[in-house]
Amino acid sequence: MEINLPRVLSSSPPYLHHQHEGNSSFLYLLPISFLYVNSNSTTIIIPKPVREYLGYSLDLGVLYYVYMGLLAVFLTNTINIYAGVNGLEVGQSLVIGVSIIIFNITEILISKDPNIINNHIFSLYLIIPFVATSYALYQHNKYPAQVFVGDTYCYFAGMTFAVVAILGHFSKTMILFFIPQVFNFVYAIPQLFRIVPCPRHRIPILGKDCLEVSYAEFDLLPSNNQMVLTVMTTLGIAKATRKKCNNLTLINLYLLFSGPLPENKLVNRLLMLQIYCSILAFVIRYPVACIFYDS
């Protein structure tokens, strides 16, 4: 179901594809929800600074299942919108997958709770085959690509991460491994929510042997919408005039700072950024997290 449904939706009429393809993640999660409701808790541990107000733990009940659905939608779509150049979709998934393996092994080694150990062993059962197959795919998808993954792999990868995070009980840590994807989503909000016109494709354009920043062109915007672009331009994170602005993706933002780059160099630098962010995630997860949670 994870692989076939996006492909069916991608082949459907445009009105069905645009309105429902992203929301299909909720359907993928139904089997996991049925499994979870019979065997797991919906209780979360409260951070230390607010425990005197909320207590040590809080049972979210049905809200936890809403959270799981939103997590699945976010993880599947955030890879899909941070894409468009050879090797980036599979490459970022590989880095995240390897980070999850390292995290699981670390937790198995330091934990004394058999339930926690079993959760991370189960996570390894799922993520190791995913990383192995993704590595093989990356050999054909990296520049110059011989295979193009499209939406199918993005949704499959995102749902794999969602299942691993939910059944492995480390959804908060999983979000830490998605720092570039979270930034890309937040940065793109003006276009995703149509404050600024959003073209169908926002990938960089091909100049002379290099990729360059792509722009969205439009008529004059309402004053409030234009103010958003003015603020972003003032902060130096966008390049906009009254009738056009750069497409709001992390890929274009990187090109905005670096200038035009060959596609292979651009992807390699973005994947190095993903690796640096994974290192930062481990710093946050262990030394910093001890401030907010018990060891």
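Glycine is treated like the rest: Cβ placed from N, Cα and C.
The annotation transmembrane segment is assigned in TrEMBL to 26-50, 62-84, 90-110, 122-138, 144-167, 174-193, 271-293.
When each of 62-84, 174-193, 271-293 is checked for Cβ pairs under 8 Å to the transmembrane segment (90-110), 271-293 comes out on top.
Remote same-chain partners of the transmembrane segment (174-193), defined as residues 6 or more beyond its termini with a Cβ less than 8 Å from a stretch Cβ, comprise 71, 74-75, 78-79, 81-82, 92, 96, 99-100, 103, 161, 164-165, 202, 216, 225, 228-229, 232, 237, 247-250, 253, 270, 273-274, 277-278, 280-281, 284-285. Beyond the transmembrane segment (271-293), the same-chain residues lying 6 or more positions past its ends with a Cβ under 8 Å from any Cβ of the stretch are 45, 47-49, 87-88, 91-92, 95-96, 99, 102-103, 173, 176-177, 179-180, 254.
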